[in-house]
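Features as listed in TrEMBL:
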- 10-206: domain 'CobB/CobQ-like glutamine amidotransferase' (DOMAIN)
- 97: active site, nucleophile (ACT_SITE)
- 131: substrate binding site (BINDING)
- 199: active site (ACT_SITE)
Ligand code: GLN
């Protein structure tokens, strides 16, 4: 990395109301992989009644139907307008499960309640009788151009998500259910939004995706041409390969 001092702001959205299955570990992974590269990183937290600090990366985790309903019912127009502007300005978003569903048009929950979504992603979700749980292996969309294309994760959702025409999938299911257990797609990509059903947390054992998010956010803030140095990922890929071997993928 050249000698330019790089600093990034990361906002963890709804850290208390919506963060399940270790999702907060994604913020830690981003923070550590920045600090190990001497990139200054500030973490901000914004829950239901908090304003949102303008940031370079936004992380939003999963949640039970009830929590999603609370967030949806208390989402101010001011916050929605701000997030729409940030998405259009290519800020980087990582959305896991329940937040992915809420960024869509709506989520019909397991009690058949229609939970209004923010309508930022051209997707909709409806709850199914079958809960989609288990380890996952996803072949990521070539659009992300990740050096190591497969990611490993864990999913636990009843919602089946269907993508609209303007949305590309984050990837394709090698193992697991993905978006809906039917069309083999998983997650969604729109501008610099990466949305998926991958808990775990996702990033610690998929460092190639963490570095993609850091690189994209630096590019968005400072322009292109700043490469981040490689880290020693022996431990991360030991975990990654152990999972692939155990799952015989
Ligand atoms: N409540 C949603 C569902 O069941 C999301 C679950 C989650 O975030 N893990 O599909």
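Backbone N, Cα and C define each Cβ position, glycine as well.
Sequence-distant contacts (6 or more apart, same chain, Cβ under 8 Å) of residue 97 (active site, nucleophile) comprise 20, 61, 62, 63, 155, 156, 157, 159, 196, 197, 198, 199. Within 10 Å of the Cβ of residue 131 (substrate binding site) there are 14 other Cβ atoms, across all protein chains. There are 22 other CB atoms within 10 A of the CB of residue 199 (active site), with all protein chains counted.
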